[in-house]
Amino acid sequence: MDTSKKRQVFGHQRSPSMEFKELIKKDAQVQLAQEFSKLLQTCPTPQKEATQKEFEGFEKLFGRFINESGPSVEWDKIQRLPDGAVRKYSELQQPETSAIKDMLNKLVVVKLNGGLGTSMGCQGPKSIIPVRSDLTFLDLTVQQIEHLNKTYGSSVPLVLMNSFNTDEDTQKVVRKYQGFQVKIFTFNQSRYPRINKESLMPIAKTAGVESDLEAWYPPGHGDFYLAFKNSGLLDIFLNQGKEYAFISNIDNLGATVDLGILNFLLGGDNSNKFGFLMEVTDKTRADVKGGTLIQYEDKLRLLEIAQVPKEHVDDFKSVKTFKIFNTNNLWIKLNAANDILNEGTIDMEVIINHKHLDNGLNIIQLEQAVGAAIKSFNGAHGINVPRSRFLPVKKTDDLLLVMSNLYRLQQGSLVMSPLRMFETTPLVKLGPNHFGRVKEFLRRFASIPDIMELDHLTVSGDVTFGKGVSLKGTVIIIANHGDRIDIPTGAILENKIVSGNLRILDH
């Protein structure tokens, strides 16, 4: 965070003296500790210890936020990635069948399950939104792991990192998997206080979430390491002889257990060499904001757009300069994570997230990214994986793709249809006003169109699709305000522009 921003946060326009600055920093930290003491007094005894641990974690984060001045990355210090820092997926070898069970038994699968489905107009955890054949993100994940365990006689556990927003609903859903061949564990990421942008003090009046939900937030997936350790699960898995955790977002349907990567980490000469492996994939114009891997101060490091100085944002977005981006599929050595947590050497940049609450209050959330810890691990590498391992569903645009005939469902995994001529997926842009919410989106399609030969689709305005519609090449459908366009059943649109008065033109 640069000093001008810091002055802006504290409400001082002129550059105060160094002593004055130090005093303000110290004062803010002392005041925060006092506020936390008051909040702890309102906390029920059973939750007091856990809440105190969370407050201690936040105080460390706050201390970094207050004391770090200047940008976290000096642009001129970025080094070229060394040869071999990012491995090629095509060079991986599959394990011998006889070795697979043993390898899988050293693995823990972790899904980041803290998000709500609000961005797609849904209530509750995002992981329980149906995405394919009435199966949810969670159903598909459980199916994938059960298939592995049944096929190889292994015991890969599934671990869900919930947040206080998703925990209760997730616990209810998890019960339905009791008869499955997957042992499911859950733990909660921390619950941190939102702070007032002007005073830098928590806006919460009591330690209870229920009384004021808006006063608290889950602090991003960088909280994984500490929360996993605090939950006791890290020690349990280490005692069971587990060696690696494969961590990914629950909404990335491409993030399945890959035996080639597992063999790379555990097989032959490589065994135990790699503390951290980040899956990256080639950038396209749709991914220009994605975090990338850089070499910085002779270490691999994750560079997020939030850390980039304003004058270099265009450089960062350049597909030529930064060719890869982080998929957030990470393979982490458990004992290495345990060591850096015990030593206190885990280091992740603080991300400052500014928000404006409905009541008009400007607040700050302090967050961290799980991949940013890469610089804390020895033997950290990237691996350039196929695009098929990055299939996130963030909006209904993505939902159209995964529900379509582009993909086939195999044991809980979505596999690109061999009938698709290109490896890339179509670029889909659906107008948020009419298609942004899942319920509304589903109502507008009598059936999901055939998009096997689609390159680009833009839909805007009040548009509905009949059954058996086929879209090919570039299709743009724009209903002007007050107009409505109904694409008739069985229509084939190839390189067409359909405008508000229902004229169909060649593209």
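Backbone N, Cα and C define each Cβ position, glycine as well.
Bear in mind that the values here come from a model prediction, so they are computed numbers and not experimental data.
The feature UTP binding site is assigned by TrEMBL to K126, Q189, G220, D251, K394. The Cβ of D251 (UTP binding site) has 22 other Cβ atoms within 10 Å, all protein chains considered.
Residues annotated as substrate binding site in TrEMBL: H221. Other Cβ atoms within 10 Å of the Cβ of H221 (substrate binding site) number 25 in total over all chains.
Contacts of G220 (UTP binding site) defined by a Cβ separation under 8 A and a same-chain sequence distance of 6+ are given as I351, E367, Q368, A369, V370, in order along the sequence. The binding-site residues in question are K126, K394, and the one with the fewest Cβ neighbours inside 10 Å is K394. Counting only the Cα atoms, the space from D251 (UTP binding site) to H221 (substrate binding site) is about 14 angstrom. Q189 (UTP binding site) is surrounded by 27 other CB atoms, counting those within 10 A of its CB over all protein chains shown.
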